[in-house]
């Protein structure tokens, strides 16, 4: 028996000028989700059940970029993705390209539990959702007025960054001919909203689990797949730890960030926070990202190399923290 621990995130990279009321709304949602998970853990729920429960709650609130409130594609539509992993046996499920599924993380759980596969995408994932009878909505349900406005800014900005990860003082009034100072895969990137959501849990049996869900990049190409549904990149759980990542998806994919945390714990013998710090500092190259993690001994940790990360964590011994900035 170990002490349980839980962590949640609502995305790495926060506008330093984010209005106070928006900060408070975000922290209230994170607190509500933490308390939901804590209540389930006190009732002896398993780690895999708790991460699904918490991420469903995050997907159902439009504050962050997942489920309702997802970022919009270049065509003004929503394409959502999610993954979930049970460290007990390293079972996993993932989905991409969802346009109607109300809670993508639960469809990912069904891929894990009810299919012979680990990953389903686009029409195949939608067909599976229909077979499984999951709750579905028209695409308009997921689209918010805020995101319609942000997409408009993205299109007008062209290659100018409107980026929540890094302050862009000096670029606000630049003309369209000025190149973005932020690059992804070596190319200037356009506007996007990085507020992916995730949850990691270790239960009282020492079992770890992780889940991540997102609408992806604002103004992304249709068909783009990020790190969130990729096991080992955005999500990973094993008998050592559980990890959920957020931020610049392409950098997280290149660094196999979530798996790296487990790897340096296994092969270097690092403790959880040491492993998180090592991976954030050594595996992101020029990328900007953050992650949350738990270990099989009841530790909880987080790290990020950008301007803030919406996060919260709690442990069985009574520790609880909700924050945004360093």
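Backbone N, Cα and C atoms are what each Cβ position is placed from, and that goes for glycine too.
Per TrEMBL, active site, nucleophile is recorded for 196.
Cβ neighbours of residue 249 (substrate binding site) (same chain, under 8 Å, six or more residues apart in sequence): 216, 217, 226, 227, 228, 233, 234. Residues or ranges marked as substrate binding site in TrEMBL: 224, 225, 226, 227, 246, 247, 248, 249.
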Close in space, distant in sequence - residue 225 (substrate binding site), Cβ under 8 Å, 6 or more apart: 81, 96, 97, 121, 216
Inter-residue Cα distance where the pair is residue 196 (active site, nucleophile) and residue 248 (substrate binding site), in Å: 10
Alpha-carbon distance [residue 196 (active site, nucleophile); residue 247 (substrate binding site)] in Å: 7
Annotated substrate contacts 224, 225, 226, 227, 246, 247, 248, 249, maximal Cα-Cα distance (Å, integer): 16
